[in-house]
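Enquirer: Attaching a single structure in structure tokens format; questions to follow.
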Amino acid sequence: MLLTQGLRQAGVGLLTLRRIYCLSRAAHTSAQKVEYKPIKKVMVANRGEIAIRVFRACTELGFRTVAVYSEQDTGQMHRQKADEAYLIGRGLPPVAAYLHIPDIIKVAKENNVDAIHPGYGFLSERSDFAQACADAGVRFVGPSPEVVRKMGDKVEARAIAISAGVPVVPGTDAPISALQEAQEFANTYGFPIIFKAAYGGGGRGMRVVREYEELEENYQRAYSEALAAFGNGALFVEKFIEKPRHIEVQILGDKYGNVIHLYERDCSIQRRHQKVVEVAPAAQLDPHLRDRLTADSVNLAKQVGYENAGTVEFLLDKHGKHYFIEVNSRLQVEHTVTEEITDVDLVHAQLRVCEGWSLPELGLKQDKIQINGSAIQCRVTTEDPARGFQPDTGRLEVFRSGEGMGIRLDSASAFQGAVISPHYDSLLVKVIASGKDLPTAATKMNRALAEFRVRGVKTNIPFLQNVLNNDQFLHGAVDTQFIDENPDLFNLKPVQNRAQKLLHYLGHVMVNGPATPIPVKAKPSSTDPVVPPIPLGEPPVGFRDVLLREGPEGFARAVRAHRGLLLMDTTFRDAHQSLLATRVRTHDLKKIAPFVAHNFSGLFSLENWGGATFDVAMRFLWECPWRRLQELRALVPNVPFQMLLRGANAVGYTSYPDNAVFKFCEVAKENGMDIFRVFDSLNYLPNMLLGMEAAGSAGGVVEAAISYTGDVSDPTRQKYSLEYFLKLADELVKAGTHILAIKDMAGVLKPEASRLLVGALRDRFPEMPIHVHTHDTAGAGVAAMLACAEAGADIVDVAVDSMAGMTSQPSMGAIVACTKGTELSTGISLEKVFDYSEYWEVTRGLYTPFDCTATMKSGNADVYENEIPGGQYTNLHFQAHSMGLGHKFKEVKKAYVEANKLLGDLIKVTPSSKIVGDLAQFMVQNSLTREEVEQRADELSFPLSVVEFLQGHIGIPHGGFPEPFRSKVELERGKTLHIKALALGDLNKAGQREVFFELNGQLRSVLVKDALAMKEMHFHPKALKDMRGQVGAPMPGKVVEVKVKEGQKVEKGQPLCVLSAMKMETVVNSPLSGTVAKVYVKPDSSLEGDDLILEISE
């Protein structure tokens, strides 16, 4: 622990401390006269996390802090963390501002700065900057200008190492001044060789050349990068050592010739010669080799009189030989791991040494420096590993870090709302984990990275997690080729990002309106429907009078004793749900209701409530469904009303508490409901029994419905056999149902199957009324219902002719006409059916924009294969056209079949049919086959309805859940998102609006492009991916050089231009041979990803 901290803990004040210091200085050395100069104010000539790191140390030591910033960094955190902040480099490019020595010195002198800390990068290894500080009377927190010059010039540093007896890699003795010198070196030593910047590090200006043909291009790129990063493009050349370990030793010197080491760091995990993960100490390092490395580092530093912090870097070959590379005469990015294992604050030490303290006075003696455990640093960057680590830019929409025991975070721009620009390094945050050994530290690091949530830009976190889980890494057996030789590191687990995707969707809808508008331009008819004449007086007595007089049991007996076929009219609900998206208003139902009461009193019932009525009435019609029931009851007092009750789901799409279902049925009965058709989408008996009990307790007629699927007439289809349906019917009758119903929601009940199923039920339950419901999608509905009636059914469902057919119910007129004069006669006047139909034909015209015939012109017998329920068939067809997938509806239907098989062949009725439909559309949208879904089930983000089904939310399907599919799907529980829309921002220069939300109690915002405004604004054109000759920017950045002209012939692979982003240069090569037709950029153009660079004609 540093002396300063120990004295402060003992309660010694700052002035007393300095008096003690002066006395101890006199006692400590009389031979060397070094003036002690206390520091009061420190400037950091840098930006980002390293500036903040130094500011924090200064604050702890009682120093005032000064920040400098470029015009592009006005919103950066480092200027807010300092006591004072000043603009530098006005009008200069982003990097050049931090390289402008006169401005920095001017700010320092004007504001009484005592010392300047250079951080790392930028001017940290520029001797002219260190000298400028000295000339201005400002201390440079680092070595003397002469030492910076010697160590910063890697060629001179190499010569010093040789004179000190430290082994070096073969290389040039001085920076090369021309390509020819590099060619001569390669001819002497052979390939591979490496170019290195003579006046900087960090991977900038570093290029490996393996073949003669690559020499010129890489020389130019290395020179350009070095010039941009360090202000000097000088390079030197070395023989490139294959697959070495990169080990560096941390050194620390004072003004009195004392030099110590703080052991080593392993920085072998690199890409593009930039470190990604650093470890201290180096694992699996021979103790004797460690001693040689540290001894060589200390001797080298003493030979040049090294002062302050620095790093001596080595390469270790396969044979355990070490070679000196360079000295970084500054603080390193990865200094943090050394601090964690030695408990030495390197920045504190730097500042104290700069004041004139000696290392012994700071308690820093070699025998006191011990290794304690292990530490790992991961550099979380805004780069996309899946695209070759291309830098990503943009706004951090979400930022949540990982924390906890053993975790340290050093960051600057890591906060929600921060803008990541292409001008500087892609480093977002440094995460440091420490533990008793490497595996322990790796476990903590893995946990911390898993806690991070970064949205808005891509990060390398999934890649880092793969590194941490790699056995080679955990055993410490890595070299600089680790990333290149482990392609499995790029098998990245996809980020779900569910909440932000949802916010983007909601924001888009708020700004631009619905993304799926009605796909037809048809307008409602201007003709008002005319109600047929209605007799005066009260309507005739009907079956409801029997119900009111004799109760549910007596009503059921009367129905069974009735001679002839009874009909339930679905026109008031299921017919318009199937054909008109349930959009019919109460107004139009009320107009025709009295006509029905007077002319169709012989109906078994009128279905007019339940199912989707609640959802649509409140969400789209803005009507009260309860008021609809009350008003229709007053107009039709004689015909029983029937509703659809989804068992434990009532009229919703999820299970409700039992008391809610009971109360719902009670209130429904009080407001006029008579018959409750109770069903469950999976025929799950516990759910059905709840609904039956609730309806019965309310005093209603209980009609338990068996949901039908499959084909009982096909002996090859055994899952839903005749015996299965009979056993289910036994349970429902035993439970006390008044009426037994067959609910054929997909219309797959064929005439022969009708005879078999209804005949078997009639034989087993001779006193039980049987009611059959179907859809006419295949066109065989009338035939099937007549077969049911002949087999013993008492009631069948129909819709008035103009609202019948296709995905609706069979035609009322057809059934009435076909049974007329037979023992199955309905007793209904065919003429009155015609009048009734005429009203609905005109009324239907009022709902033309919602009419299924806008996109679907007929039914289809393929329903026998896909088994899509009638109402859902219409909705899927409509949705496919809305999303521009009308031509793919055949694929949607095929996917529905495959989705049904994936889920175990379900009975398909709301909500189970929705689950199958959601999975089918998910498969089509993502171009997934059934086999691919099964194989990738553990990594896909399935629709919520599918996940909840597999969790058992709607019950247990017949035959159980599908395995192993269910076990592979991640069944997350407790992931509820609470979202509240707050505000919509003004239009910005990029044509975007900021949309504000509250998500789970936290403020979130997303930027959404305003589609209307974008049409009126000018933007750089984008490259179209399906146009072969269009070449787009692979990443955001600035154009450094355009290498071709319009009309020039180019070959495939030929360099076209050079982009610079985050101080790294990328060459864009031609994807094909041809002629440059048009160039859209020029040097210094700023580009976004996929911006059009040029067009090539073949």
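For all residues, glycine too, the Cβ spot is worked out from N, Cα and C.
Keep in mind that what you see is a predicted model, and the values were worked out from it rather than measured.
So TrEMBL says this about it:
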type	residues	note
DOMAIN	38-488	domain 'Biotin carboxylation'
DOMAIN	158-355	domain 'ATP-grasp'
ACT_SITE	R330	active site
DOMAIN	565-834	domain 'Pyruvate carboxyltransferase'
BINDING	R646, T910	substrate binding site
MOD_RES	K743	N6-carboxylysine
DOMAIN	1028-1097	domain 'Lipoyl-binding'
Enquirer: Rounded to the nearest angstrom, how far is the Cα of T910 (substrate binding site) from the Cα of the residue listed as 'N6-carboxylysine'?
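Expert: Pair distance, Cα basis, whole Å: 12 Å.
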Enquirer: Given a 10 Å Cβ-Cβ cut-off, pick out the one of the recorded positions R330, K743 that has the most other Cβ atoms nearby.
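Expert: Top count of Cβ atoms within 10 Å goes to R330.
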Enquirer: Looking at the binding-site residues R646, T910, which one has the fewest other Cβ atoms within 10 Å of its own Cβ?
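Expert: Comparing Cβ neighbour counts within 10 Å for the binding-site residues R646, T910 gives T910.
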Enquirer: Taking just the CA atoms, what is the gap between the residue listed as 'active site' and T910 (substrate binding site) in Å?
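Expert: Just about 68 Å between their Cα atoms.
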Enquirer: Using DSSP, break the domain 'Lipoyl-binding' (1028-1097) down into helix, strand and coil residues and give each count.
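Expert: Residue counts in helix, strand and coil order: 0 helix, 39 strand, 31 coil.
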Enquirer: Which whole number is the mean pLDDT over the domain 'ATP-grasp' (158-355)?
Expert: 91
